[in-house]
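Following: one structure in structure tokens, then a few remarks.
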Amino acid sequence: MSKVLVLYYSSYGHVETLANAVAEGVRGVAGTQVDLYRVAELVPDEVAAKSGYKEDTTAAVLDDPSVLAEYDAIVVGTPTRFGNMASQMRNFWDKTGGLWAQGKLIGKLGGAFTSTASQHGGQETTLTSIHTTLLHHGMAVVGVPYSCPALTELDEVSGGTPYGATTIAGGDGSRQPSENELTIARFQGQHIAEMAAKLAG
């Protein structure tokens, strides 16, 4: 049995919705276990409350980076912060030096997904900022191939790239992930789970 981790950070719930869709896609692959965790919030509680951060999440916080070594594939989700991963996710990965030194993640699969306010708000640079970290750990990056028809959907403004699933939240965050974007996220989860199963033999 292969094990897939979906690890995310979400301020307002957009990335969390994508994370659940990715996990749903993973669950559709027989013989695969999927775990869904989030990283810790760094913003003080009072600031998060005033900013309207989503607080009703059910995913547990993953505090111990050493747990990553137990998985065959890790899919990482974070909203963009100026074209890069959010500091909460960066903080988590900055604690993985021990894993890197021991080569614990070499040969494992990795993927990424994100949200931005606008269509051109840094989706692909955020995804590649995640990819860079995964590659430094010796992981093999798996994206979303164009065998996913939703990538070329033209009937709506939609997120979704070959680098990973994405969503567009709007300037005020009011837009939630569309069905097309969720389809891409589910496809991504299924695809990386199938790849992990093949490698696990």
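A Cβ is built for glycine as well, from the same backbone N, Cα and C atoms used for every other residue.
Taken from Swiss-Prot, the feature domain 'Flavodoxin-like' applies to 4-192, supported by sequence analysis. The FMN binding site annotation in Swiss-Prot covers 10-15, 80-82, 115-121, HIS136, and the record cites sequence analysis as its basis. If you look up Swiss-Prot, you'll see TYR12 marked as NAD(+) binding site, on the strength of sequence analysis. Taken from Swiss-Prot, the feature substrate binding site covers TRP100.
Here the features listed in Swiss-Prot are painted onto the structure.
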residue : record                 : Cβ within 10 Å
SER10   : FMN binding site       : 24
TYR12   : NAD(+) binding site    : 17
GLY13   : FMN binding site       : 19
THR80   : FMN binding site       : 24
TRP100  : substrate binding site : 16
SER115  : FMN binding site       : 30
SER118  : FMN binding site       : 13
GLY121  : FMN binding site       : 20
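Closest to TRP100 (substrate binding site) by Cα-Cα distance, out of the binding-site residues GLY13, THR80, SER118, is THR80.
Distance from the CA of TYR12 (NAD(+) binding site) to the CA of SER118 (FMN binding site) is 15 Å.
Cα of TYR12 (NAD(+) binding site) to Cα of SER115 (FMN binding site): a distance of 10 Å. Mean per-residue pLDDT, taken over the domain 'Flavodoxin-like' (4-192), amounts to 96. For the recorded site, SER10 (FMN binding site), the DSSP three-state label reads coil.
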